[in-house]
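I have placed the structure first, in the form of structure tokens, so that the comments after it can refer back to it.
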Amino acid sequence: MVGWAIALHGGAGDIPIDLPENRRIPREIALRHCLDIGVAALKSGKPPLDVAELVVRELENHPDFNAGKGSVLTTEGTVEMEASIMDGKSKRCGAVSGLTTVVNPISLARLVMEKTPHIYLAFDAAEAFARAHGVETVESSHFITPENIARLNQAKEFNRVQLDYTAPTPKEPENCGDSQIGTVGCVAVDSAGNLASATSTGGYVNKMVGRIGDTPVIGAGTYANHLCAVSATGKGEEIIRGTVARDVAALMEFKGLSLAEAAAYAVDQSGPRGTCGLVAVSANGEVAMPFNTTGMFRACATEDGYNEVAIWPKN
């Protein structure tokens, strides 16, 4: 039975089961808020591409997620944001990397898709393209929050590139348990089976300047076709190696797997435990949200009334 569906995520990783309420509750509220916005947009007849962009913009504007305003810092203390978006029916897509001033990278990715003959623009060229098209920009200092400076200093102290929700070591202060917050993404399908996916991130804490992750790589962090739409989160290098998002679609197309089977298999094969999670919807309104990490901030809703906001595995 065909029906609309939407799923979104705010990052997967080693999220402590005892995550303090002051860090858990604002993210749960934000996920619920973004889910409600997406559901209302789908019910009003907006195309899934518009819905996915709209929801990811909201997540980018929330400082508790690692995208847009909440983007974490490179080893040089700078922000380099990236995003991509894809329409399932046409397979049109757009991607951007290395952004330092763009308020909503996901919307710039869509402009690349719609206003250029290309798929991917990065760094100075992407910034220039944003200015030429009147995209909202701010001084890069807008993204340099005290919280992210503290996260960078913590990562430097322990000489590591920090992944999503890195748990504290015994030497670390107890309140640094989520020293990197999560990539964001949204997938949506309407009642006609049209699909879209969008993903946005600031990357890893203390990443090398110029590092590009899976988020803007079509087929790795983001993918949509006539069968499904997928947005991934986790360890970008492993997700790129595994072409995780495309694998979900390929397993459905060539092996005849259901969305749930394909998504679970793609996550299982993505690498060691703790590698990734994803959200996905199918053309007939199914939802899958598997992960092999401790947890994944996630939410979904379907036309038949199912509604969920969750972090850790269900009992």
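In case you wondered, yes, glycine gets a Cβ from its N, Cα and C as well.
Among the features that TrEMBL reports, active site, nucleophile is placed at T183.
The annotation substrate binding site is assigned in TrEMBL to R211, I212, G213, D214, T233, G234, K235, G236. All protein chains considered, the CB of K235 (substrate binding site) has 23 other CB atoms within 10 Å.
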Quick one: give me the count of other CB atoms within 10 A of the CB of T233 (substrate binding site).
33
How far is it from R211 (substrate binding site) to T183 (active site, nucleophile), counting Cα to Cα, in Å?
15
When neighbour density is defined as the number of other C-beta atoms within 10 angstroms of a residue's C-beta, which of the recorded positions T183, R211, G234, G236 has the lowest density?
R211
Relative to the Cβ of D214 (substrate binding site), which residues of the same chain, six or more apart in sequence, are found under 8 Å away?
A220, G221, A232, G236, E237, I239, I240, V244
